[in-house]
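Have a look at the structure below, then the notes.
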Amino acid sequence: MKGLHLHLVLVTMTIVASIAAAAPAAPGGALADECNQDFQKVTLCLDFATGKATIPSKKCCDAVEDIKERDPKCLCFVIQQAKTGGQALKDLGVQEDKLIQLPTSCQLHNASITNCPKLLGISPSSPDAAVFTNNATTTPVAPAGKSPATPATSTDKGGSASAKDGHAVVALAVALMAVSFVLTLPRHVTLGM
């Protein structure tokens, strides 16, 4: 058991180091630093984000709601980074459209991803904004423990970030997702090492 724990730590560190080393340094990393813990919270949504669950769990929705209430631009940033996160997130099975559905699926009041370009300080007509405007209409899914509600729009103001921000944060998110996946394996399963 102790050997498996050490192996998990080493695998996590290797994943983070390799992805961070491959990613170019990003300007304006302040938003990435600010939203770092929010990536960790979103790992509670991994089952929904990978399509293993048809609805987000209550823990997932509580985490998403906390992000939205505390700093809504970080929720936008998480979605944006999933879009620009590259093959590593796709290899884990993260479905971009599921992340985009989170505010609606968790039935957050006063939340709409159409506000994300403004919160992130990107031009609504830019290609970076397309992830939010092209996918703004999603079918709501009732999450576990929530009753149906109609999302409204947000009036929160936010800072700015470029689409390239947060590669190190994405690496951390990928590592956390990988660890979450491995921890869900039955105890008798070995990792082949």
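Backbone N, Cα and C atoms are what each Cβ position is placed from, and that goes for glycine too.
Here's what Swiss-Prot has on this protein:
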SIGNAL    1-22  signal peptide
DISULFID  C35-C76  disulfide bond
DISULFID  C45-C60  disulfide bond
DISULFID  C61-C106  disulfide bond
DISULFID  C74-C116  disulfide bond
CARBOHYD  N110  N-linked glycosylation site
CARBOHYD  N135  N-linked glycosylation site
REGION    138-161  region 'Disordered'
LIPID     D165  GPI-anchor amidated aspartate
Spatial neighbour of C116 (disulfide bond) that is closest, considering only the disulfide-bonded residues C35, C45, C61, C106 and their CA atoms: C35
For the disulfide-bonded residues C45, C74, C76, which one has its C-beta crowded by the most other C-beta atoms within 10 angstroms? C76
C-beta crowding around C106 (disulfide bond), within 10 angstroms: 29
Reading the DSSP string in three states, the entry for C74 (disulfide bond) is helix
Which disulfide-bonded residues sit within 10 Å of C35 (disulfide bond) - Cα, from C45, C60, C61, C74: C74
If one measures from the C-alpha of C45 (disulfide bond) to the C-alpha of C61 (disulfide bond), what distance in angstrom results, rounded to a whole number? 8
Cα distance (Å, whole number) from C76 (disulfide bond) to N110 (N-linked glycosylation site): 14
Whole-number Å distance separating the Cα atoms of C106 (disulfide bond) and C60 (disulfide bond) is 8
Among all the protein chains here, how many other CB atoms are within 10 A of the CB of C61 (disulfide bond)? 24
Can you check what DSSP calls C45 (disulfide bond), collapsed to helix, strand or coil? helix
